[in-house]
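Inspection log for the structure reproduced underneath, given as structure tokens.
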């Protein structure tokens with residue numbers, strides 16, 4: 001097959017054309033539920049009162065709820081058809097993130113404002129935790145998209161994120177503790193570790209953004225079984241792009 | 001373009017009679033149970049549960065389990081299995097929506113509410129599997145040679161019933177909200193509940209705290225099973241009623257509005273309400289009286305046995321431990337000299353039960369001559385602590401005076417307590433509060449702690465490094481002078497042939 005030369009402005013034009021359909025295709029309903037739950041958790045702090053520790057626990061639950069919502073960001077039921085658009089996956093993913101970032105920022109600000117100032121943990125530190133959880137969710141979703149053909153990997157990503165959130169406070173040794181209480185002498189050190197986790201997650205995300213050079217190899221028996229049921233969803237004419 | 005073609009045989013026509021419907025529900029439940037069991041989160045949770053059981057049961061501190069505590073120690077592990085089952089049951093109930101196969105079910109005899117019933121039933125094998133794990137954990141504890149007491153089936157049921165409750169809650173949520181993120185969010189909410197219940201129930205083991213699925217009041221000192229005051233039976237009924245209610249509610253909201261379902265729902269609600277009300281009633285007055293009696297006048301409840309010259313009195317469930325106590329008391333007494341060598345002792349088990357299970361009140365030292373106190377827990381550091389209590393009574397006459405010792409008598413006391421042990425120096429480290437072997441420190445005993453000065457520590461360590469027979473002969477030869485009130489540590493060291501600078505005692509300055 002021949003590759004056509006395209007003008008250098010083509011990708012940006014195509015990306016601009018994608019804005020509206022991507023906006024419409026974003027999993028808004030999932031976010032509505034997740035962010036609603038997060039807001040509810042933050043609202044509980046205001047309603048029920050309590051000290052800084054319950055407030056932090058509820059705020060962390062809100063962070064987790066928001067991150068669980070973000071795990072569904074790359075879900076695209078039409079993935080196998082949208083793979084053929086002349087825009088690279090980096091651009092498509094970046095577009096989704098760019099569209100959703102303001103919404104998430106506004107939600108997070110609202111959540112923080114819901115927490116009474118007297119029990120609110122240090123804003124930048126808790127925002128660092130929230131950012132890390134979000135980037136981890138995004139990185140996991142990106143890895144799932146890259147490694148599998150699943151159009152909606154959000155469910156598995158959310159499960160993995162949840163397992164991490166349950167197990168990390170239980171299994172992390174004290175010197176690597178991430179979930180410290182307010183007023184704990186290890187708060188600053190723990191947030192340094194949070195920053196490292198954020199950096200690692202961001203790096204993982206950046207590495208996984210690019211499309212794999214070769215199509216993922218599926219084990220032979222599985223592949224033959226797969227082929228007998230489905231045709232390749234990405235076309236069979238030797239496209240250099242995979243989906 | 002080539003059209004995608006899938007070839008499938010047409011489904012066999014089925015009649016939709018009640019019997020067939022029931023058989024189809026059971027068949028689907030079996031299929032769903034298999035799928036649920038093979039989901040990665042469930043497999044990981046089960047593997048984690050087994051690992052936790054093995055790790056917990058193999059701890060050396062757990063060599064002498066008290067079974068009325070071991071039964072409720074099985075309850076917190078299944079919580080995580082329950083969370084995994086909740087998530088996966090929720091996702092399984094949403095699978096047909098996610099995969100867009102909902103309309104295919106229209107051609108089968110399975111209506112939505114029957115499929116919901118199958119999903120609810122698919123949780124039951126997981127609960128049974130948890131029951132097997134819980135039973136294995138308890139049986140392992142009960143089979144240990146040092147086990148005493150008796151467990152309760154109701155306490156063992158709490159874990160599996162929690163898994164059932166959580167699984168059905170996942171299915172109910174799927175029918176109430178079809179969002180894929182709702183299941184994970186429910187898990188977050190339950191996690192918050194755990195954290196909340198853990199912080200709320202700290203120190204409290206009665207009243208509304210029993211409305212949480214699992215109430216593990218980790219007692220520091222085991223209680224006789226009659227004094228526990230835990231409404232375990234009512235709680236199991238409450239959990240079962242709640243799980244049934246949630247399951248039937250899921251069937252009801254998916255369209256199963258038959259009279260049978262409605263009647264069963266009413267029954268389940270009544271069960272849950274009955275259990276819920278009865279379990280929050282607080283400690284019965286009879287238990288309170290029994291707790292006071294066991295704390296203030298334990299001799300009324302205890303059985304006494306004689307070993308050698310000494311008597312050992314214990315709550316009936318602890319009588320198998322008498323042999324262990326007698327062995328240690330004999331070893332310590334064998335090292336003592338003078339009249340103490342053959343003096344009959346009274347080893348009495350004591351317990352402070354008046355302030356509830358989670359209370360960690362220290363026992364008052366006994367004032368009766370030659371009475372030694374032993375607690376309800378055993379194994380680990382409790383053994384050298386008992387040894388110290390015996391030595392204290394032999395040296396000072398009674399427990400209260402032993403707790404007030406500040407002179408050179410601490411040297412023979414600590415030597416008696418430690419010398420017979422396999423690794424005396426590490427035993428010394430373990431009985432001292434700060435785990436040190438130099439300097440001054442508090443020494444733990446069954447009742448009041450004792451105090452060792454830096455000089456006494458030096459002398460005792462020097463004695464422990466010398467042959468047992470040599471020091472033993474000297475202790476016996478100088479017993480009366482070593483245990484006379486007012487003997488200085490320097491004098492005790494001199495009598496025992498140790499030359500170290502010891503400094504002054506606490507009472508002599």
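Each Cβ is built from the backbone N, Cα and C atoms, and glycine gets one as well.
As recorded in TrEMBL:
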- B:36-55: transmembrane segment (TRANSMEM)
- B:75-97: transmembrane segment (TRANSMEM)
- B:118-140: transmembrane segment (TRANSMEM)
- B:152-174: transmembrane segment (TRANSMEM)
- B:181-199: transmembrane segment (TRANSMEM)
- B:232-253: transmembrane segment (TRANSMEM)
- B:265-286: transmembrane segment (TRANSMEM)
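In summary, the transmembrane segment (B:75-97) does not lie against the transmembrane segment (B:232-253): fewer than three C-beta pairs, each 6 or more positions apart in sequence, are under 8 Å.
Below 8 A, the CB atoms of the transmembrane segment (B:181-199) and the transmembrane segment (B:152-174) form 3+ pairs separated by six or more positions in the chain. Sequence-distant contacts of the transmembrane segment (B:36-55) (same chain, six or more residues past either end, CB-CB distance under 8 Å): 77-78, 80-81, 83-85, 87-89, 91-92, 122-123, 125-126, 129-130, 133, 136-137, 140. Sequence-distant contacts of the transmembrane segment (B:232-253), counting only residues of its own chain at least 6 positions beyond either end whose CB sits under 8 Å from a CB of the stretch, comprise 72, 113, 116-117, 119-120, 152, 154-155, 157-158, 161-162, 164-165, 168-169, 171-172, 174-176, 210-211, 213, 215, 261-262, 264-265, 267-276, 278-279.
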